[in-house]
Every structure is written in C-alpha cells, then in structure tokens.
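Chemist: I'd like to ask you about the structure that follows.
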Amino acid sequence: MNSSFHLHFLDLNLNATEGNLSGPNVKNKSSPCEDMGIAVEVFLTLGVISLLENILVIGAIVKNKNLHSPMYFFVCSLAVADMLVSMSSAWETITIYLLNNKHLVIADAFVRHIDNVFDSMICISVVASMCSLLAIAVDRYVTIFYALRYHHIMTARRSGAIIAGIWAFCTGCGIVFILYSESTYVILCLISMFFAMLFLLVSLYIHMFLLARTHVKRIAALPRASSARQRTSMQGAVTVTMLLGVFTVCWAPFFLHLTLMLSCPQNLYCSCFMSHFNMYLILIMCNSVMDPLIYAFRSQEMRKTFKEIICCRGFRIACSFPRRD
C-alpha cells in the first residue's frame, strides 16, 4: 500500500470501530454516507465460531480414514485458510478496540507494522482459499473425466506436494505484501490475482458441466457400481460449486472496495461504498463460517464424523448413531 492508501485503510477501521462503540449509526466525517454500526462482539463471535468449526473439519478429516482422499486434503487446506482469515480479523478487531480505548498505547509506526501483518494474513488467506478451491476443482475434473486413471494421477504424495506448493506460494505473497506495503502495485496484483483466478475457476466449471451433460447417457449405460461412483463425483463437483459461489459473494465486495480505493477514492459514490468496510470484513468471516456448514450439508461421511467428535468424545457409551444406508 502507499502511505495515503494505508492510512485511509487504517483510519477507516479505527473510525468505524470507534463509531460502533459509541452508537449503532455514526456518520463518518470524511464520508457523506452513514457507517453501518457493527459491534466488536460480532467480529469476536464470528471469529470464535469459525475457528471451532474449521478445527472440527480438520479433526474430522484426520479422524475418518474414509476422508483420506486428495479432495478432502484440499478441503483441509481451505479450512486452514478460513481459520487464518477469521483469526486475523478477530485479532485486528481486538487491537483496534484496545487502541481506541487507550488500553494499548503504542507508536504510530508500530501500529502500521501491526496493520501490515494483519493485512498480510488476509492476503495469505485469500490466495490460499483461491488456490485450494482451484485444486479441488481440478481434482473433481480429473475424478469425473479421468475416473479410471484418477488414482494414478491424484496420488496422496502428489496432493501433499500441491498443498505444500500452495502454502509456500501464499507465504511468499504475504512476505512481499509486508516488504512492499507502501506500493499500490501490491494491491493491484492482489486484485488482478483474485479476478484472474475467479475467471479461471468459473471457466473450468462451465467446461466441466458442459462436458458432464454429454456423459449423462454414458453414466446411465454403466454398471451400477460405476454409475454410483460417477454420481458421487458429480455431487462433489456440485459441492465445490457451492463453495465457489459463497466465496465469490463474500469476497467480491472486499475486492471491489480495494478497486474503488485505488481508482476513485474521492468520488462520492465510491466513498459511500467504502464507508461500509467493516460489513465487507463481516462477509469474509461469514464465508469462513459457512464453508464447514456446506461440507456437513453435502457430505454424509462428514456429518457422521462431526457427530462422533461432538457427541461421543465424552459420552461414548451414551451416544450411538445408526449408520445410514
């Protein structure tokens, strides 16, 4: 970020949060629009819920050997990214609250460094989320259209290498973000990466579902076991499509905010949109909360494992859940 962008970004957070502490609807002096008051407790609550949910997802994948497949390894990577963005948003909210209430007094330069770290964590999480979604999409593509060769193409070692590569790349992006935080080109690269990755994912899914239509008759002609595997693969593709849709809806306002801040910071309508920055952070955290619910809604194996972890850890004798056919 350049200095003016960075200071406006930080001041917007501070002003919005300060308004939340004094009342629900406080007009920002630098904006003609009223800020939507969001209590600090909302950020903390969503952060805790997201953290617990995604820990549950990771625990379920580790616990259940039936979930030890490349797709669920990539889902685990996505859950880590969701945890990271929720934790960074929650910690940033706590820091702003402490600064506004004079419980924490530190130099402005150090505040900027802290803000850079939080922004870097958000940068890492969004890149990791996009890369994990792309990896899941490619996995589903291979599962559907190269079913017989799937286990030779997507091995556990190869999926582990992909995940390691994703997080190495994301960590590198985070380091670059901190080192060149004064440059608007960093933000421009992040925005470009988001829309390019989104275009790539949407194109892949359109291609996937168009090809899937031609496979419907083939699936009907397959033996029962093969047909069931193909339908399961298609269900997995639908699940990832839901994840992509939620990701787009929840993250798009944030990136539109960044785009407007670079392109028209003085425009009246742009200022109105940017005055609701905290709402866009809430949407990002909602994405982290909703992803585990989608896993549970779409996967019977996940639901069963969630029940075992939640209910049967301390009450193994009392809790017993019949298996569904």
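Each residue, glycine too, has its Cβ placed from N, Cα and C.
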Chemist: Under the topology that Swiss-Prot records, do His103 and Val238 share one side of the membrane?
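Modeler: Taking the topological domain names from Swiss-Prot at face value, His103 sits across the membrane from Val238.
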Chemist: How about long-range neighbours of the transmembrane segment (38-61): same chain, 6 or more residues beyond its ends, C-beta under 8 Å?
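Modeler: Contacts with the transmembrane segment (38-61): 16-17, 20-21, 67-68, 72-73, 75-76, 79-80, 82-83, 86-87, 89-90, 93-94, 97, 278-279, 281-282, 285-286, 288-289, 291-293, 295, 302, 305-306, 309-310.
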Chemist: Okay, the transmembrane segment (115-138) and the transmembrane segment (187-211): do they have at least three CB pairs under 8 Å, pairs separated by 6 or more?
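Modeler: They are in contact.
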